[in-house]
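Summarising the annotation, TrEMBL assigns compositional bias 'Basic residues' to 42-56. Per TrEMBL, the feature compositional bias 'Polar residues' maps to 57-71. Sequence annotations record features per position, and here TrEMBL assigns domain 'MTTase N-terminal' to 76-184. For 212-443, the entry in TrEMBL reads domain 'Radical SAM core'. Per TrEMBL, the feature domain 'TRAM' maps to 443-505. Here TrEMBL flags 34-71 as region 'Disordered'. Residues annotated as transmembrane segment in TrEMBL: 568-589.
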């Protein structure tokens, strides 16, 4: 029998009756003189409850503080770490902006954070190793974890990712939902592809809130994915096939950025040269529209493009790169100077194609900076193949050269090929680096007078970093009045990767015709649509294109809002239960 002690206590209070007395119903126990249940119920209106004093201060504290075992999303601190390309950095800025707009505090102190958002890169093994080590460290420190970027998108079933929340590269507009569920202790994975009528879209919307890492620089992804199928590339597994954003959306994003004080725009993607081929347009068409909205004193920088697609637009690209508000800079990866190796890589061009692009642009855009990438030790690369690459570097003396030792990425065709010994790959990387460091590309520029745009601080914090017309790095004195402005300098020193410039004494710093930039960490671009999706609690935020607010007050407002919603829910449930109980009693007594 359930609750035997309780049954005994109830039985002791019942009137005694002989064992042989038959009761038709339990109601027979009630005497004729006793009040009926309905009489007792109606008499309650004459009962006046006694007022109970309460500790007002304690009550207010309880109202404003959640129970000790509750978890309220939207008030935690989040630390973000991003590895990889500028496209990844742009994704990170968008995720930080959405989370901050919702009330989370984006902190630079990892140990102080409640949740770590790790935005990964899958290009090379070392980048993934850093990512994996950060996950392990977060777990050791009992941090909540959300994973983003190309590693979990490409291989979400890896053992070290099990049980962890993942947000896909095309789902970054739902980062608030994923973080919220993770804070509650759930594991969430959003890895789907965005489509419209069966056609793959170019990723998350461009008008989402963001926090720019550098308030002076806007990174715009013009497309996601690419048209190639390089045998060594793992990024294709994550980003997929080409999907371009419409020109009008990209132009609007650029226009908004300039209104928020940005003075430099970077266009990025896995292959900017392929832009538009999936939507019936092309890169030059986009660039001509963009230069129309670039204010005087601001600059546009193009991202990486593979040789096959730039070949189709050489004439137009040369004209655009000569535009005064476009840096005369282009990143064109060659990867190898051996046609045999390029064929094994499935690069879809030959060395002659690459040289044709480089020679044409150097002739039509005098002084242009051409950066390139090279992979050392690709499977099957012979000593002769490698020497061809060395000759290419010696011939063109690229001022910017990214040398990468080959790493077989899991799941790629190149990982299944016969590998070159590690010591050979390492030696070739050293040999090519030695060639690269044998020349100084900027010695002949000492004594020149140049206009440079100042946008950031150097790593050692001793200088400001500026870039000239050719996107060459120029270090200038740390004068706060220079930041975000175009100034004139005389070049007096050069190094392998930089020049140093002395501001001309009688020249004035030119301020671009744009608004004051946002403060570092400030959220930009909070649209009405985003407000509606977040809910009514954002009504406290002023209706401007820029969000300027105190993080503590924002979190308190969200906290109170959630408390009110929680109280309302509990009250509704309580009333419903009371109504059911009352109906049950009425049914019994009637």
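Cβ coordinates come from backbone N, Cα and C, glycine included.
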Fill in: Overall pLDDT for the domain 'Radical SAM core' (212-443), taken as the rounded mean
96
Response to the item:
Counted with DSSP (H/G/I as helix, E/B as strand, rest coil), the domain 'MTTase N-terminal' (76-184) has 56 helix, 24 strand, 29 coil
Worksheet item: How do the residues of the domain 'TRAM' (443-505) split into helix, strand and coil according to DSSP?
Response: 6 helix, 31 strand, 26 coil
